[in-house]
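Straight from TrEMBL, the features:
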type: TRANSMEM; residues: B:12-36; note: transmembrane segment
type: DOMAIN; residues: B:17-309; note: domain 'ABC transmembrane type-1'
type: TRANSMEM; residues: B:42-64; note: transmembrane segment
type: TRANSMEM; residues: B:136-158; note: transmembrane segment
type: TRANSMEM; residues: B:164-185; note: transmembrane segment
type: TRANSMEM; residues: B:252-274; note: transmembrane segment
type: TRANSMEM; residues: B:280-300; note: transmembrane segment
type: DOMAIN; residues: B:343-576; note: domain 'ABC transporter'
Amino acid sequence: MASNETPRQWLQRTASRGARWSRLSVLAGTLSTLVLLVQAWCIATIAQRMVIDSTDFSALVTPLLLLPPAFIARGLLVRARTICGARGGIEIRQSVRRELLERIAVLGPLWARRQHSATLSNRIWDQVDALQGFYADYRPQMLLCGIIPIIILIAVAPLSWAAALILIATGPLIPINMAMVGIGAKKRQEDQFLEMGRMSRHFLDTLQGLSTLKLFGVSKRQADEVHTTSESFRRRTMRVLRLAFLSSAVLEFFASVSIALLALYLGFVYLGQFHFGMYDHGINLFMGLFILILAPEFYQPLRELGVHYHAKAQAEAAAEDLMPILNRRVFERDTDQPAWQPKGSLALSLEGLTARYAGRSSAALDDISIEIRAQEMLAVIGPSGAGKSTLLNVLMGFMHPEAGSLNVLESDQTPRALIDIRSDDWQLQIAWVGQTAVIVSGTLAENLRLANAEASDQDLLDALEQAALQQWLTGLPDGLDTRLGEGGRAVSGGQARRIALARAFLRDARLVLLDEPTASLDQASERLVMEALARLCKGRTVVLLTHRMELLALADRVLMLDQGRVQALETLDNLRAPGGPLARSVSAHPSETRDV
Amino acid sequence: MFRQLLPYVRLMTPWTWLLGMGIALQLMALASSIGLMALSGWFLSASALAGLSIATAHTFNYLLPSAGVRFFALSRTGARYGERLVTHDATFRLLSRLRKHVYESLEPLSPAQLQRHGESELMTRLTADVDALDGLYLRVLAPSIVALLGIVICGVVIGVFAPAIGLFAALALLLSGLLGPWLAWRAGQAHSDAWHQDNTRLRARLLERLNGLSELMIYNRWHGEVDSLIEGQQTRDAHEYQLARQWGSSQLLSQTLLGLTLTGVLGMAGWAVTRHELDATLVALMGLAIMGAFEAIALLPQAWQNLGRIQRAATRLDDVRQRVSETDFPAESEQCLPEGHRLSIDQLSVHLEASIAVLYSVSLEVEEGEHLLILGPSGSGKTTLFNSLIRFVSPSEGTMTLGGAPLNQLSEATLRAQFAVAQQETHLFAASYRDNLTMGQPIDDETIMAMLDTLALRDWLEQQPDGLSGFPDERGSSLSGGQLRRFGIARALLRKAPIVLLDEPTEGLDEATEQQVWHAIRNHCQGRTLIVITHRLIQLEDFDRIAMLDEGHLVEYDTPRRLLADPDSRLTVLCQRIDPELAGLMRPA
C-alpha cells in the first residue's frame with residue numbers, strides 16, 4: 001500500500017475486486033457493437049435492393065427477418081451490460097465496506113472517537129455507495145471508448161479509406177480531441193461538481209441551524225437569504241457551465257460535421273464528382289449507407305462517457321475520504337499467538353509504561369511502574385488529563401504503549417506480556433462499565449448477550465437480579481424480549497448503567513474495569529449501582545476510575561496520577577492520615593468543580 | 001398518482017418562457033439530429049440512383065440537399081449547446097425557488113417537531129430530496145415532452161410521403177418508448193421502497209454500533225456486527241440488483257419493439273415501393289428517421305426511473321410539511337406586551353411522548369436581574385425546562401408568564417427579543433466568524449474582540465489567518481469542542497436581551513478557563529436575568545438562587561446559603577459526598 005497513492009490509483013486498484021463483472025460488461029458492450037454491424041447491413045441491403053437493384057419484395061425477406069433478432073440480440077446484450085455493471089459495482093462496494101468495517105477494529109475505538117461517529121458512518125455508508133456509478137457505468141464505458149471506435153474503423157476502412165480518414169480526422173481517437181474534450185471538461189466538471197456540493201451544503205447548513213436562527217430572531221429573514229445565496233450560486237455555476245458545455249459541444253460538432261462530410265463525400269462519389277478514397281470495387285449505395293449508419297456510433301461511447309462523468313468525480317471524492325482509513329498504518333499485533341485461557345485470578349505488573357497520543361508532545365502516561373495485585377480493587381484518581389483514561393485504554397488493549405512493559409501474572413504461571421496475548425483472548429477476560437452504557441436497538445436479551453452470546457435465559461435473569469434490575473424487569477411487557485433503544489422502550493441513564501453491570505456479571509471476567517460507574521445518576525439509581533458493584537467486584541481484580549468518596553472507600557488501594565505520573569499508591573487511610581497527600585483540611589470549600 | 005408533484009410543477013410558472021425555450025431548443029436539436037441522418041440517407045439513395053446514368057447525374061440538384069445536410073449538422077451542435085445552457089439555467093432558477101419554498105414551509109415548525117426521535121438525519125435527507133426534486137423539469141418533464149414531440153416529428157416526416165407508414169411508425173415508437181419503462185417503473189417501486197427501508201435501517205444501525213465500538217470490541221462482538229451489517233447490505237443490494245435486472249429487461253423490451261417497428265416500417269415501405277406507390281429513395285430516409293427518433297426515446301426510461309425518486313422525495317417533503325406547527329404565535333397586533341422581565345413558571349409539566357413525562361409540576365419565580373442556577377443529573381429535565389421557555393417544546397400543563405404576560409401570548413419577535421440563549425450544541429454557519437457572532441445585528445469589531453477576549457478566545461482568533469472574516473472549514477469545524485462552546489456563549493452574550501439562558505456553559509473546559517468564563521458571564525449579565533443549567537457543582541455562591549431537579553421534579557429551590565446551611569439538603573449532601581480536599585488536591589499546583 002503506497003502512502004502517496006492518488007484517489008485515481010486507488011479506484012483503479014480496487015477495480016480488480018469486481019474485474020470479472022467489469023470484463024463481462026465490456027464484452028457485452030463490444031458484442032453489441034458487432035450486432036450493430038448486422039443491423040446496419042440489413043438496412044443498407046434493403047435500400048440497395050430497392051433503390052439500385054429494383055428487386056421485388058422477396059429479396060427483402062432475408063434482411064427484414066434478420067432485423068428483429070438483431071435488435072433482440074442487441075437488447076439482450078444491453079441488458080447483460082447493465083446487469084454485469086451493477087453486479088460488479090455491488091461486489092466492489094461490499095468488499096470495500098467489509099474492509100473498512102474490519103479496519104475500524106484495527107484502528108480501534110480511540111481513533112474512531114476522534115473521527116466523530118456521524119462522519120465515520122457517512123464514510124462507511126454513503127461514500128462507499130458513491131462508488132457505484134464509477135464501477136457500474138463509468139469504468140466499463142471508459143474501456144469501451146477504446147474498443148468501439150476501433151471496431152467501427154475496422155468495418156469502414158475496407159469499404160472506403162476516405163471515409164475512414166474522415167472518421168479518424170474528426171474522431172475521438174485523436175489525442176488533441178481527447179485533450180480538448182477530456183482535460184478541459186474534467187477541470188470544469190469538477191468545478192461544477194464542487195459548486196453543486198457547496199450549494200446543497202449551504203442549504204443543509206441553514207436547515208441544521210434553524211433553531212439557532214430562531215433564537216436570534218432572524219429565521220424569517222433567512223428565507224430570502226436562502227434564495228439570494230442559491231441565485232448567486234446559480235450565476236457562478238452557469239459561468240462554469242458555459243465553458244464546460246462548450247467542450248462537449250466540440251465533440252458534438254465533430255460528430256455532426258463528420259456525418260455531413262461523409263454524406264456529401266459519398267453523394268459526390270455517386271454522382272461521379274469525386275473519384276478518390278475507394279478501392280477497385282468502388283462504392284455502392286449499400287456501402288455508403290452502411291458507413292453512414294455506423295458513423296454516429298463512432299462518437300457515441302465518448303458522448304455516453306460524458307453522461308457518467310459526475311459518477312467519476314463523485315467516486316474520486318469518496319476515494320479521497322476512504323483512503324486515509326484504509327491506508328493508515330497502525331501497530332498491528334501478531335495474530336498467531338498461542339491461545340491463552342487463564343484459570344486463576346490475574347495480577348498486572350506495569351514497568352516504565354509510557355503512552356502518548358498521536359500528534360501530542362507530552363506523554364499521557366509517563367514511566368508508570370506499579371503492581372496491580374490479584375483480586376484487589378485499585379482506585380485511580382487524578383485531575384482530568386492526569387492519564388486515568390489512558391491507563392484504562394492501555395489495559396483494554398485499545399492503546400499501545402510506546403515504551404515499557406505490561407505483564408499479566410497468573411497465580412502459578414510464568415508472567416506473560418500483554419503484547420503476547422491475542423487481543424480476543426485478552427478482551428474475553430475484561431468486563432467494563434463505563435460512563436455511558438451502550439444500548440443497541442434490539443431486545444433486552446440481545447443487549448445482555450452482547451457480553452456472552454451463549455448465556456441461557458436463566459443466566460440472563462440471574463445477571464439482571466445481580467444488577468438490581470429484576471424489579472424493572474417485572475414491569476416490562478415482554479420481559480427479556482422487550483425491545484429497547486430506538487423505536488423501543490426508553491431506558492434511563494441509571495437503567496442503562498445497570499444493564500452494563502448485568503453484562504459484566506454475564507461476562508464473568510477476571511479483570512473488571514470501571515470508569516466513573518456512578519457519575520450523573522439520580523440518587524435511587526446510584527444506591528442500586530453501588531450495591532451491585534460491591535457484588536461484582538468480589539473475587540475479581542478491579543481497576544476503578546472515580547472521584548467519589550464512597551467508591552474510594554470500597555477500594556483496597558488508591559493510585560494517584562498527575563500529568564501522567566504516579567503521585568502516590570497507598571491505602572486510602574494512609575493517604576488521609578495527617579501529613580498524607582489526602583489529609584483532611586479544616587473547612588470544606590463548596591465552590592469546587594465536581595459533578596452532581 | 002402524480003398529485004404530490006403538482007405544487008412543484010406550479011412553482012415553475014414564473015419561468016414558463018424559459019422552460020418552453022429549453023424544450024424548444026431540445027426539440028430543435030432532436031429534429032436536427034433526425035433531419036441530418038434522414039436527409040443524408042435520402043441524399044445517398046437519390047444520388048446513387050441518379051449516378052446510375054451520366055445524364056441524370058448531371059441534372060441532379062445536389063445543392064439543396066447538401067446545404068440541408070450542412071445546416072442540420074450546425075443546427076444540431078448549436079441547438080444542443082443552447083438547450084443545455086437554457087435547461088440548466090432554468091433548473092437552477094427553479095432550485096432557488098424550491099429551496100426558499102421548502103425553507104418557508106419548515107421554518108414555522110419547532111425544532112422539537114423537526115427533530116423527533118430517530119430523525120437525526122432528517123435534514124440531510126431533506127436536502128437530498130430537494131436536490132432530487134430539481135430534476136423534475138430537467139430529467140423528467142423536458143425529455144418526456146421532447147420525446148413525445150420527436151415521435152410526432154418522425155411520424156410527420158414519414159407521413160408526408162406515406163401517411164399510413166407514418167402513423168404506424170409514430171404509434172409503434174410511442175409504444176416502444178412507453179411500455180418498457182412504464183413496466184419497469186411499476187415493478188421497480190416495491191424493490192425501490194425495500195431498498196430505501198433497508199438502507200435507512202442499516203445506516204442507523206451502523207451509527208449506533210460505531211457509538212458503542214469500545215463495548216462491542218471488549219465483548220468481541222465487532223466481527224459479528226461486521227458480518228451482520230454486510231449480510232444486511234447483501235439483502236439491500238439484492239433489491240438493487242433486481243432493479244438493475246428490471247432496468248435491463250426494459251431496455252431489452254424497448255430494443256425489441258424498436259426492431260419490430262423498424263422491420264414493420266421497412267417492410268411496408270418495401271411493399272409500397274414494389275407496388276410503385278412510393279419512391280424507392282425514401283426507404284433509407286424512413287429507416288434512419290426512426291433510428292434518430294429512438295435517440296430521444298432512449299432517454300425516457302431514465303426519466304421514468306427519476307420520476308419514482310422524485311415522487312418519493314415529494315411525498316417525504318409533504319410528510320414533513322404536513323406536521324402542522326404545534327406552536328402558534330399571536331400576530332404583533334394581538335399580543336400581550338410584558339411589563340418588566342419577571343419570569344414565573346407555575347405547575348409546569350411536559351410530556352415528550354404520550355406516557356413519559358420529563359417535567360412534573362415545576363414552579364419557579366425568577367425576579368428581574370436574578371441569577372438562577374439549575375442543577376441536576378443528566379436526564380433530569382433541565383434542558384426541557386429551557387426549551388419550554390423558548391417555546392421549542394409545548395408544555396402539557398401549567399403556565400409560564402414573563403412580566404405578567406403569558407409566554408404563548410407574545411409574538412414570536414417579542415419572545416425572541418427577550419432571550420439570549422446558548423444551547424449545548426453550537427451551530428456554526430458557513431459564514432464568516434463575524435457573521436456567526438453578530439447574527440445579523442450591527443455590532444462593531446471592537447465589541448466582538450473584547451467579548452472574545454473575556455472568554456479566552458483571543459488566542460484562537462489570532463491563529464486564524466483571516467481573523468473575524470475567516471470561514472469555518474467546510475469539513476468539520478476549526479474550533480475545538482471547548483472553544484465552540486465558548487463561541488456559542490459569546491454569540492449569546494453579544495445579544496442584548498434581558499434574559500440570558502446558558503445550557504452547560506463550561507462543559508469540557510479546564511479549570512483555569514472555566515473560572516475565566518464564569519467571571520466573564522457574571523460581568524456581562526449584571527443587571528440581566530441569568531439562568532444557567534449544569535450538572536456540575538460550580539460557583540454556587542455567585543448565584544442568587546439554586547434549583548435542583550431530579551427525574552423531572554423540582555426537589556430544592558432556595559438561596560445557596562440557606563441550602564448549604566441545611567445539613568440534610570440535597571445540595572449539602574452532594575457537596576460533602578465529593579470530598580472537597582480530594583478535589584482540591586487533585587488540581588495541579
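Here, residue 1 is simply the first one shown, and the rest follow in order.
In case you wondered, yes, glycine gets a Cβ from its N, Cα and C as well.
Whatever TrEMBL says is automated annotation, not expert-curated.
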Q) Which of B:12-36, B:42-64, B:136-158, B:164-185, B:252-274 shares the most C-beta pairs under 8 angstroms with the transmembrane segment (B:280-300)? A) B:136-158
(Q) Counting CB pairs under 8 Å, which listed stretch among B:12-36, B:42-64, B:164-185 touches the transmembrane segment (B:136-158) the most? (A) B:12-36
Q | Cβ-Cβ under 8 Å with the transmembrane segment (B:164-185): same-chain residues at least 6 beyond its ends | A | 147-148, 151-152, 154-158, 246-247, 249-254, 257-258, 260-261, 264-265, 268-269, 272, 286, 289-290, 293-294, 297, 300-301, 303-305, 307-308
**Q.** Overall pLDDT of the domain 'ABC transporter' (B:343-576), taken as the mean
**A.** 86
Q. Can you name the far-off residues of the same chain, 6+ from the ends of the transmembrane segment (B:252-274), with a Cβ under 8 Å from a Cβ of it?
A. 158, 162, 164-165, 168-169, 172-173, 175-177, 179-181, 183, 280, 282-283, 286-287, 290-291, 294, 297-298, 301
